[in-house]
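As structure tokens, the structure follows; a few thoughts come after it.
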Ligand SMILES: [Ca+2]
Ligand SMILES: [Ca+2]
């Protein structure tokens with residue numbers, strides 16, 4: 001069925017269904033609850049990261065990459081283009097360093113969103129995959145990280161009709177990855193109003209390689225963060241409006257088999273996986289109404305959730321951090337390393353805290 005036909009059917013359905021039922025449905029999906037403060041010790045704001053740090057990923061040696069400056073309609077945004085920072089978590093100064101960008105790259109329209117790092121096992125080259133939204137479009141930029149010069153070299157831009165509303169990616173090779181499309185429609189009005197109001201579960205996960213592009217999982221309300229288990233055998237997908245995280249098993253042909261979902265009780269955004277323990281760390285939006293209807297006088301809160309033993313019969317879901325928005329608004333990612341926790345946000349500052 002073409003998207004135009006779908007759009008017409010959806011608009012007809014809205015006219016028929018608009019009413020209390022939908023409003024109640026959406027209120028449930030955007031579950032707002034009273035926020036209790038559950039802070040961690042020694043939290044400090046990271047320098048130069050005041051305009052969002054939507055996604056963070058940490059390499060095995062403690063070097064973090066941070067995507068900043070995502071332009072998000074309806075919410076505060078930085079003036080200039082987006083940037084990528086690195087942060088060495090083994091250095092007690094905790095000082096983010098802005099990475100130099102290549103000259104052969106359109107920096108003015110750089111609007112970075114989800115990121116994923118991939119280390120090539122054949123030569124230890126580090127690649128950084130970045131979801132980019134120039135002019136509201138979706139594409140994936142592949143960079144090579146040159147650590148000695150704090151430089152990103154642009155390798156390629158990947159565009160594909162199946163990559164139409166990309167939120168996050170997880171790289172599985174030098175030019176292959178899984179990506180979430182957080183909406184079904186790419187048209188701004190259908191995507192921003194029609195789809196959320198109706199609560200359609202038409203969002204999906206796509207596998208991309210130069211020779212094979214396919215939808216490998218679907219039926220999400222809003223597929224957001226995606227990541228992979230340390231043994232590379234399982235994929236995790238956070239469904240923002242489903243209030244859960246899905247566990248999927250990778251097959252030899254890179255298709256995915258859904259195993260289960262784990263309830264989180266919050267609107268979770270990005271997922272980072274601890275490479276040693278396999279624990280999932282999620283940055284979440286505990287009160288979706290205040291996040292989506294951003295009002296500085298009634299700020300959105302922040303919440304970090306950790307999931308341990310996710311493959312067991314009884315995964316352990318723990319709220320590690322919660323704030324009512326007085327300290328930190330709109331947390332979208334959390335990543336742990338060496339007893340420290342980084343918490344990033346969609347448009348606000350980023351914190352580093354001690355875990356104990
Ligand atoms: Ca990510
Ligand atoms: Ca995200």
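Placement of Cβ uses the backbone N, Cα and C atoms for every residue, glycine included.
Taken from TrEMBL, the feature disulfide bond covers 43-353. Its Cβ taken as reference, residue 43 (disulfide bond) is surrounded by 16 other Cβ atoms within 10 Å in the chains shown.
Residues annotated as Ca(2+) 2 binding site in TrEMBL: 54. Other Cβ atoms within 10 Å of the Cβ of residue 54 (Ca(2+) 2 binding site) number 29 in total over all chains.
Sequence-distant neighbours of residue 269 (Ca(2+) 1 binding site) (same chain, 6+ apart, CB under 8 A from its CB) are 224, 225, 238, 240, 282, 283, 284, 285, 331, 332, 333, 346. Per TrEMBL, the feature Ca(2+) 1 binding site maps to 55, 115, 167, 168, 224, 269, 270.
In the three-state DSSP classification, residue 113 (active site, proton acceptor) falls within a strand. The local packing around residue 113 (active site, proton acceptor), expressed as other Cβ atoms within 10 Å of its Cβ over all shown chains, amounts to 25. The active site, proton acceptor feature in TrEMBL is assigned to 113.
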Return only the integer: C-alpha distance in Å from residue 167 (Ca(2+) 1 binding site) to residue 43 (disulfide bond).
28
In the structure shown, which of the recorded positions 115, 353 has the fewest Cβ neighbours within 10 Å?
353
Which recorded positions among 43, 54, 113, 224, 269, 353 have CB under 6 Å of ligand 1?
none
So among 54, 113, 115, 270, all listed as recorded positions, which is physically nearest to residue 43 (disulfide bond)? Use the C-alpha atoms.
54
Could you list the residues of the same chain, at least six apart in sequence, whose Cβ is under 8 A from the Cβ of residue 55 (Ca(2+) 1 binding site)?
66, 67, 112, 113, 114, 115, 168, 270, 332, 333, 344
